[in-house]
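Visitor: Below is the structure I would like to discuss, written out as structure tokens.
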């Protein structure tokens, strides 16, 4: 689907808000950037103005407005009310957790993502995390709270994906789990969290691009998404899901390894994160198994075998060869 000029302008406003947030050195600039970003993405979520998309837009607006209100209360308490820094930081974190969609404020994520287009799902899973994550970096003195919330988000993201037949809901819980990993990564290694986000960004780009390409808006169920589509497309989608699961040698495995190796002071948290990763691995592999066991997944012997091989090579290079660049970026950040 082609993007209209008006939606492209709103997309630029959204990107401007993100750039404003990540380049600001003061909390007011970061907050202002997040609000600019919000007003840029709302028309994009509304999309074709279907009733489900309008409902998702209203939900997202009120959730983000609530998060901004709580965030402002915390900022005022921290900067103008002496002796209330602890409570101010708690309000700050609560507002950021609402915006990120992590435990205990994650309930809106599956509801919103289940009603919007795949492109909007990609934006909500990636770009919309940048502003809150950057502001979270300024509250690292409450690292124990952030570690606990990150661990719980990882586990909830894994458990919530069980028995999900809707792809959007499954990927929404996946987003919650990965947000927990990024949150914990910020505490132990900012460079590791950045590498993890980059890995997740490119993996999401592959998955959501393929889902958009096969037009699954009206075929949201996992068991129905194979109808009348080529096996090469779903092989590429399976590669993206295997990368999200954290299996080696895919890129998300290396992102998780970097974060886990940084948890040298938090051994219990390391095991909880690994538990969440193993649990979430189930529904990724279950989806891939459903696709591979389908009758339409005939990998070889068809007239389109050349196209299949090209897609396999393309996907493998993106999510398996990409770790080399990831480690290069990490070495540049660390040293």
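Even glycines carry a Cβ here, placed using N, Cα and C.
According to TrEMBL, the feature transmembrane segment maps to 7-24, 60-81, 87-109, 145-163, 170-188, 194-214, 234-259, 271-291, 312-333. Marked as domain 'NADH:quinone oxidoreductase/Mrp antiporter transmembrane' by TrEMBL: 25-276.
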Visitor: Honestly, do the transmembrane segment (60-81) and the transmembrane segment (7-24) touch, with at least three Cβ pairs under 8 Å and pairs 6 or more apart in sequence?
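Guide: No, the stretches stay apart by this measure.
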Visitor: Which sequence-distant residues neighbour the transmembrane segment (271-291)? Criterion: at least 6 residues beyond either end, Cβ under 8 Å.
Guide: 150-151, 153-159, 161-162, 164, 167, 170, 173-174, 177, 180-181, 184, 222-223, 225-226, 234, 237-238, 241-242, 244-247, 256, 259-260, 263, 297
